[in-house]
């Protein structure tokens, strides 16, 4: 059977339990929100195919358990990931502080050139905010990682986040292909300006 996509990207969602990883994934894959999800046991995944620069990209997105007892299972999935989203809850200071630990996990278990992004989730609950947007931006800047605030419930920036991560992965792949093509060959992939890595900070506004 003919392949229905041009690229397959494996993405991973990591972060403390209860930060809304499953809700973010469900919003992106099903365009729906369910506030009654129980904590993910081990690992689960969803698939969605998107189009970027005229190419069909199949995203295989793995949702990991945040609890310590599942850590051995979930770290095994880091290795093949091409993109990792680190999620914290803006109403939970501890989940933000633990992002540094999650980054250490990535450094230990994931590929050195994996694309990363930090998501401050639940930005619709501004009255209970414990972590300012500026602190999220600074942490991301410290590690050279892109940052967005999201809300799975209000559907803020979820689509933007996945598309941005996928675009960065594709740009990196295209550059590698271009670098591997013989000198003078026309077989290399041409990088268009909008594919180049850009720093994107999206303000969380509930309309």
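We count from 1, first residue shown onward.
Every residue gets a Cβ built from N, Cα and C, even glycine.
In the three-state DSSP assignment, the secondary structure recorded for residue 17 (GTP binding site) is coil. Within 10 Å of the C-beta of residue 17 (GTP binding site) there are 14 other C-beta atoms, taking all protein chains into account. Among the features that Swiss-Prot reports, GTP binding site is placed at 17-23, 35, 39-40, 66, 121-122, 124, 152-153, with the record citing similarity to another entry.
In the three-state DSSP scheme, residue 22 (Mg(2+) binding site) falls into the helix class. According to Swiss-Prot, the Mg(2+) binding site annotation covers 22, 40, 63, on the basis of similarity to another entry.
Residues or ranges marked as phosphothreonine in Swiss-Prot: 72.
According to Swiss-Prot, the phosphoserine annotation covers 181 (among others), on the basis of similarity to another entry.
Swiss-Prot lists 185 (among others) with the feature phosphoserine, giving similarity to another entry as the kind of evidence.
Residues or ranges marked as motif 'Switch 1' by Swiss-Prot on the basis of similarity to another entry: 31-45.
The motif 'Switch 2' feature in Swiss-Prot is assigned to 63-80.
Summed and averaged per residue, pLDDT over the motif 'Switch 2' (63-80) gives 70.
Considering only the binding-site residues 19, 23, 152, the Cβ with the fewest other Cβ atoms within 10 Å is that of 23.
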